[in-house]
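Asks: Sharing the feature lines straight out of Swiss-Prot:
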type	residues	note
MOD_RES	153	phosphothreonine
CROSSLNK	244	ubiquitin cross-link
């Protein structure tokens with residue numbers, strides 16, 4: 001089987017982290033985000049994976065090629081000279097995706113969930129249509145494009161309603177699909193939207209179905225959702241692979257901690273915390289609902305809450321970081337500083353408080 005991951009472009013919503021590496025290489029749960037997807041595809045029997053890239057492809061190639069052997073897959077990079085939207089990349093990768101005439105998976109690189117690829121493939125083959133969208137249920141469907149089903153045929157999609165003012169359903173497109181190769185014939189080699197241009201044709205032909213996703217789902221393409229997705233991911237690990245989570249007298253709730261991290265016995269970590277390789281946590285530090293990326297240091301008696309601490313950064317003593325603060329690569333926060341919702345660009349030194357949301361350049 002084959003799969004295409006829409007890696008996309010600049011990752012502006014996740015800046016300042018994406019000023020240093022492309023978004024799919026930002027570590028989520030201590031692994032590059034895209035590795036969660038590559039591993040799930042490989043586990044479902046996918047042997048050919050296409051990464052549709054239009055930003056810094058050379059970095060992606062250098063980082064990901066080494067994983068081919070580990071996961072037993074062929075990784076091809078389909079490089080767009082101009083952004084082609086969500087459908088154009090399928091046309092660009094037509095040679096790989098049409099190989100052996102079997103269905104192929106498509107997924108957005110921002111999506112984190114318990115990828116149900118095997119079940120999705122079985123469901124797709126059983127209904128015999130040309131395409132299947134994975135759907136997830138949401139509490140506030142008025143914020144999204146909602147899937148409405150055909151009354152007579154379960155799971156057959158009748159139409160999409162964009163941001164409905166009245167309740168028509170609570171299932172939305174989760175950004176994971178399986179499609180038959182002939183769907184590529186509906187796509188032109190130009191910037192095209194699969195959601196707005198390709199799927200409506202399949203709906204008209206009564207060839208598009210939806211598959212309900214079980215478990216958690218999150219688009220982690222911006223800091224607030226990255227942190228929310230981390231909470232959901234750790235909850236999922238606690239159920240499926242609890243041995244991966246840290247335990248100890250100073251651990252509260254779910255925490256994923258790299259074994260090379262050095263943490264003071266008087267620090268308190270958790271709930272909902274990820275700590276990367278070679279991180280140092282000082283005495284009396286308190287960290288909740290946060291991610292600390294590799295080679296960073298949190299000095300004594302600081303509070304880190306709802307924050308992403310970027311690589312190689314230092315947080316001084318008696319600091320308080322909260323409110324979805326994001327430190328870029330190699331940031332230094334001086335002692336006794338308060339940051340509330342600051343987005344700090346790489347290589348900055350912060351010696352003044354940031355009491356409200358701001359971009360520090």
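Cβ coordinates are placed from backbone N, Cα and C, and glycine is handled just like the others.
For the listed features, I'd like the structural context: burial, neighbours, distances.
Replies: DSSP assigns residue 153 (phosphothreonine) to coil in the three-state reduction, placing it in neither a helix nor a strand. Around residue 153 (phosphothreonine), the C-beta neighbours below 8 angstroms that are at least 6 residues distant in the chain are 206.
Within 10 Å of the Cβ of residue 244 (ubiquitin cross-link) there are 13 other Cβ atoms, across all protein chains.
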